[in-house]
Amino acid sequence: MEIKDEETTAEVAMVVQSRFRRVCVFCGSSHGKKKIYQDAAIELGKELVARNIDLVYGGGSVGLMGLVSQAVHNGGRHVIGVIPKTLMPREISGETVGEVKAVSDMHQRKAEMARQSDAFIALPGGYGTLEELLEVIAWAQLGIHDKPVGLLNVDGYYNPLLSFIDKAVEEGFIRPSARHIIVLAPTPKELIEKLEEYSPQHEKVVSKMKWEMEQMSYPQNYDIPRPKEGKMIIEAQRGSRLWM
């Protein structure tokens, strides 16, 4: 009886408790030329499973997207794929895993992925991956969300991007504190450990609460009056836009 209790205790101890329920992974619809990229996608999926974290991703079954989603699904965790209807024939090959949410366009895809997730991780990818990554970084800087953003820098893949960001800081286009929005690591285990400990240190442009309040109060159709002649001024005290 004591041996059985010890085994049960050991099994419980192996379960890693995470602060995240779901993590969004951005990655390519291609495998890349190096096997190390594919290995990293599978390893990331297994690391999410080990921490009882569900996956939110771009919904494709090809490339790194297919590998990470299959690894999470095989491990028994829930998978949510968000994909525009137009991209389904291109990015879905064979059976999909988990739940697939079809949306109308790329804007809705990114918004839904962000809404469903507690953190973001970027694997190697192309233009689409970069766009998704940079948008959630920009949202963090603006104060729209306070979720961690992680960069899985497999084999130094993102070193040129990091050099560009450092150059932008040096030239005064990005605040030094905003450089730390990006959490960086070469392996999935190390990256998720860093994300678990992440706390925003950068100065936000606007508070998250302000964004949420504006979103709730903003009318669906808001027309700014535009007379034929005149110029717009901003009346700061009232927060209204006027033309004179």
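Glycine is treated like the rest: Cβ placed from N, Cα and C.
These figures come from a predicted structure and were not determined experimentally.
Annotation source Swiss-Prot lists substrate binding site at Glu91, Arg109, Lys110, Gly126, Tyr127, Gly128, Thr129, Leu130, Glu131, Glu132.
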- Item | Cβ neighbour count (within 10 Å, all chains shown) around Thr129 (substrate binding site) | 20
- Task: Check each residue in the chain of Tyr127 (substrate binding site) that is at least six apart in sequence and keep those whose C-beta is under 8 Å from its C-beta; list them in sequence order.
- Result: none
- Message: What's the number of neighbouring CB atoms sitting within 10 A of the CB on Glu131 (substrate binding site)?
- Response: 13
